[in-house]
Every structure is written in C-alpha cells, then in structure tokens.
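**Student:** Structure incoming, see below.
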Amino acid sequence: SRAIKTNQDLLPETPWTHIFYNDFWGTLLTHSGSHKSYRPLCTLSFRINHAVGGMDPWGYHLVNVLLHAAVTGLFTNFSRILFGDGYWTLIAGLLFASHPIHTEAVAGIVGRADIGACLFFLLSLMCYVKHCSTRGSSPSTWGWVLGAGLCAGCSMLWKEQGVTVLAISAVYDIFVFHRLKMHQIIPALYKRKNLTFFSIGLLTSWGTALLGVRLYWMGNKPPSFSNSDNPAADSDSFLARTLTFFYLPTKNLWLLLCPDTLSFDWSMDAVPLLKAVSDWRNLHTVAFYAGLLLLTYSSLKGSGSERECNGKTVMNGKQNANGHSCHSEMECKTLEVKSSFASKEENGIKKHEMQKLQLPSTENIVILSLSLLIVPFVPATNLFFYVGFVIAERVLYVPSMGFCLLVTVGVRALYVKAQKRFLKNLIFCSTAALIVFYGLKTVVRNGDWQNEEMLYRSGIKVNPAK
C-alpha cells in the first residue's frame, strides 16, 4: 500500500524529480521516520506503470515477470562463460528460473526492487567480463569497465545490495579470469599484472564513492525500526543478539536448499531468538559455518590431484580415459579446444584469445559461486547496520544465483566421479526431478498472491501472532 497505492511520487501531478529525494515509500530521506530505502529507479518504474495503466495490477505483474525472464536469460548467458555450451549451463538456468524462493520477488509487486537490481547486477558483471577479455588488446576495454561502473550504480539505485557486484567482479577477475590461488595474489602484484590491479582499484574507488554519496544523501543516519520488525536487534542481551544473527544465515540457506515452508512475513517471533548456548539450533550454526569454511579453504587451496574439467576427470600432469592431457596449472578447456590447442597456437593466435576459449576449473567456479551467495547477502546480516526484517525471501533473489551455480557445479562433480552409467543417469534424472519439483512449488506458491486474504492465510503457519 505505501509503495504504490498511497505513494505520492507515482502521481502525475507530483514532480518526477521527487523520487530522487524520497525513499521507497515516498517519505523524505532525511525525515526521522524514513526507512532510508533509496530506490529511485524502482519507484520510477512504478510511476511509468501508473501512468500507463493506473492501479490495474495486471501491468505491474507483467513488468515483474518480464524482468525475471530477462534476468534468467542473462544469468544463463553468464553461466555459459563458466560451464560452456551444453546441459550444465541449461541446468543452472532452469534452477534459477524455477526456484520457489523467487516467488515473493516476482509475484509481489514491491519485489521488483530486487529483480531490477539483479538485472543491472548481471549487466555490470557481464560488462566487466568483457573488459577482462579485451584488456590489453583493445582500446574499447575501458569503455566496458565504464559500463560496468554505470550499471553497478543503476543496480544500487534499484536496491542497495546492487553495489556488491563490484566485489563480485573483482573476485571474477582474480580467481576465475586469472585463476590465481590465495598465495599467488601478493606475488602477482610484482609481476606484469598492473592492468589487472588497476581495474580492481577502479572498482574499489567507484564502490567507495557510491557508498559515500548514498550515506550522505540519506542524511548520514542509519534507519530505525520497530521491535516487531527485528526483535533480535532490540534485544537487551548481547548473547541473544549474537547467537540469533549468526543463526539467521543458516536459516536462509535452508530456505534455498529446501523451500518447503515459505512466508511473506518472517517478522516478530517467526524465528524465536536463540537466548542460550544450549539451544539445539546452535548446532545448525556450527555445521553451516564449518562447512562454509571447509568448502572455501579447499577451493582456494585447490591442491587436489584429481580435477573435474568440463565433464571429464583429469589427473594433474596425466592423461584421462579419453587421452586428453591437463597439466596442473593448465585450466580446463572444452574438448574442441583441447584437441586443437597446439595447432591454433602454431597459427599465431594470441594468448588472451586462447584464454577466452578456456573454461574455469571446478575450484574457480566454487569460489565465484560462494562469493555470489555470500557477498550480496551481507547487507541483510545485521553485520554493519540493523535491517527492518528477520528474514525476507526477496533478499535472496540475487544470492540465489550463487546457490544455483553451486548446485550445478556440485552435480557436475558427482556426474564426473560416477564410474557407472547407471549412477550418471541417476544423478542427471535426480537433478531434472529437482527442477520439476521447484517449478511445481513455484506454481503452488504463486497462488498465495491471488488476493490479500490468501496471502495472509499463507503466513499463519509461520507467523500466527502477526
């Protein structure tokens, strides 16, 4: 109601420039009651919807669905860079298209902020990928990095977490494009990688500038929320706040893994506070962070002798069953590239052109996937400032890209390691079944948004008090 029905910024008699001074709900940013949600581009899209169709919800829903389709297409195109042409890219795209966690962002009109931010998030990332592939060989390369910066700014103007794409771009540059391990980053500073770190310096400077301007524009004050919005933030117990805030990311990951119980409102006591160390939910927290650290460490170290390369098992410095070789420091390639690598190099193809034909290794993709999962979610963790919710499924729209990539690369690793054809077929069919069940759950979940009564009925199970 506040974002659209009673928002004066959508009315034609209100100067359109007001959207740049007011928050998402039409309240002046510097007002003490403002939530500081500065999303002028999303509000502008609502205003255009209002100008075209008034309060008819059909047009608003159509725009949301079209935006989700565009994001899915861009995400699939980005997955192609990681997995190449083939069914792994298709699986990643279908997982993202069908995941039930997206229902709130797409079916709920105000969720457009997350979809729009994700659209420009991917546009920025794709521009930076293009910059990496043309750096040092084309004068237009700095045009691509400029486009990446502008799209990152637009993403932040759709929703705040959009600025995190700059960090993801840096991760892509270091760990995917250059395939560096953690211990190789410092030595690389003293080698011929000056352009790379100049690019990352630009990303850092631009991100700092965007955050500084936004903080200044919102009056240099953090937002304030009621006790019911975020009970843990209002708790007098430091232990309860700490344990609860550490547990909430675990609960969010479970919603991505098993989106069985979903709700549009997780406020109040929907997630009871963890008030003691003896609370059994702390075991979930320990398991979550231990698994996360182990996965990150093993990927950064990347010392395993056996690697998965585009659906083929490869031993360091040895040939696989198909007779293709992959040295320990050579990256995974498509079969076509492997078979013609020597001849193309003899024909004078430059190194950077060959690099464009290479596919990242499993470890590279895992690092990028974890970054996509974690970094865009950090603003919602209460780590730097308190947020106005306990859990919000729409916030997981951007991080779910990292989750879908992780699932895909995990399935690919299992498929590669399976020796028997029966096991390979079982893994593939199980993945297809997962996508089908995700899609069915999404269809069922969409029914909750038919009208207000059905929406509130759907939330009773999770939040009866509200």
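Placed from the backbone N, Cα and C atoms, the Cβ positions cover glycine too.
Pasting the relevant annotations from TrEMBL:
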type	residues	note
DOMAIN	220-292	domain 'DUF1736'
TRANSMEM	58-75	transmembrane segment
TRANSMEM	109-129	transmembrane segment
TRANSMEM	194-217	transmembrane segment
TRANSMEM	283-300	transmembrane segment
TRANSMEM	365-389	transmembrane segment
TRANSMEM	395-415	transmembrane segment
TRANSMEM	422-440	transmembrane segment
**Student:** Using a threshold of three or more Cβ pairs below 8 Å, and leaving out pairs closer than 6 in sequence, do the transmembrane segment (395-415) and the transmembrane segment (109-129) count as in contact?
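**Tutor:** Yes, the transmembrane segment (109-129) and the transmembrane segment (395-415) are in contact.
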**Student:** Residues of the same chain, at least six outside the transmembrane segment (194-217), with any C-beta under 8 angstroms of its C-beta?
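**Tutor:** Sequence-remote neighbours of the transmembrane segment (194-217) are 29, 38, 128, 131-132, 135-136, 145, 148-149, 152-153, 156, 160, 163, 166-167, 169-170, 173-174, 178, 188.
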**Student:** Are there residues at least 6 beyond the ends of the transmembrane segment (365-389) whose Cβ is under 8 Å from a Cβ of it, and what are they?
**Tutor:** 35, 82-83, 121, 160-161, 164-165, 167-168, 171-172, 175-176, 222-223, 225, 229-230, 232-233, 245, 248-249, 252, 266-267, 292, 295-296, 299-300, 395-396, 398-399, 401-403, 405-406, 409
**Student:** Considering every residue in the domain 'DUF1736' (220-292), what is the mean pLDDT value?
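**Tutor:** Averaged over the domain 'DUF1736' (220-292), per-residue pLDDT gives 88.
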